[in-house]
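Annotated in Swiss-Prot:
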- 164, 165, 166, 167, 168, 169, 170, 171: ATP binding site (BINDING)
């Protein structure tokens, strides 16, 4: 889908060279398209095959030629075919009509649900918000998830890195965040699937429908728009699909004045696609073979994710770390932009602690007294020091048993185990698996609950009472129920 075009639109050029997804197109003198303009190629090749694709101008070569990168396969494309300058960048549909739908990089619906119910479109290339428009006062974004709100709080309009292997609960955590922002903040979400498996994209769509995040019967009640450029697609599509998703999110922020969640899975694949395109365009590679423009490519995307005085885009980005090397230029460049990291731990998942967020490895720049307040800061640090001490004592416990510990250490272990259990929480989107109603816990309730555990006020309650509950009052009610059952 391409926006209404200016006067330069409609200029016709001729394809002079095709190398994989890269094409060189010759235009009449003085009629060259601008960088990032979309070129449309439609027609039949000499073999009689239908060809239809969009390409994006990347370089001006001289001799009235431009070099463009195709957004879909170039099979059947031949020299001499006609390319038309649309006069504008690739543009995607925006607004309420995008909710519940799946789009490709060009904003075309790919879910077989018919045309999109919106006439508004927006170009995927835009400047980041002006510094005068930004909300400069840091504000905590409450998620209703205890472990995140207490130990690694998200910044409204900030960027969060989500680290975790397969099967530790990334998708369920993403679904819960989408559900909570819709219910508590009245906001919507946009999901950008960048260079990941098609099967995962399909599974996510089906899970969204099951959990009610997408309402298949009435799409207008859906809470998320999906934008996919999967790993079987050309690098041009994978490089630009993140911008397509971001453009949809910007409309909800700037026009609807909403708080928006933007999920990008996976931000590394965005860099990887940029690296492939850079090599195809003949640029000299830099460190580890990445593109020389790595910093500006990542910055152009990340700087548009911001909180303005009108609304905010809070971005949660899954980060793949190649060969677990955090010094690799791709994750290292991404880290510079992140405000918080949420690390999912397989050991916690195997214990049945869900969400399996690691309370010691997850970090946030928001966790400082000037932002969250003294009480929140003190409680979070006390929880972390208690869990750290428990971690240090585990070797001794494994070898000698609990009885060999001092009275103080035994008390610490007892409270740490209760804290660990209390960090678990039933999710709304997991109700269909667990049979437990989901819980949204306010930040003040979370802080009060952990303070009571650490102060020893709940030492007499059984550990089981702290597992998979919402606030501390539910712990007390569950303890009474357990006591009644054991009589």
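One is the number of the first residue shown, and numbering goes on along the chain from there.
Yeah, the Cβs are placed from backbone N, Cα and C, and that goes for glycine too.
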For the binding-site residues 164, 165, 167, the one whose C-beta sees the most other C-beta atoms within 10 angstroms: 164
The one of 166, 168 whose CB sees the fewest other CB atoms within 10 Å, among these binding-site residues: 166
Residue among binding-site residues 169, 170, 171 with least C-beta crowding, 10 angstrom cut-off: 171
ATP site, defined by 164, 165, 166, 167, 168, 169, 170, 171: further same-chain residues with Cβ within 8 Å of the Cβ centre: 344, 349, 356
Secondary structure at residue 167 (ATP binding site), reduced by DSSP to three states: coil
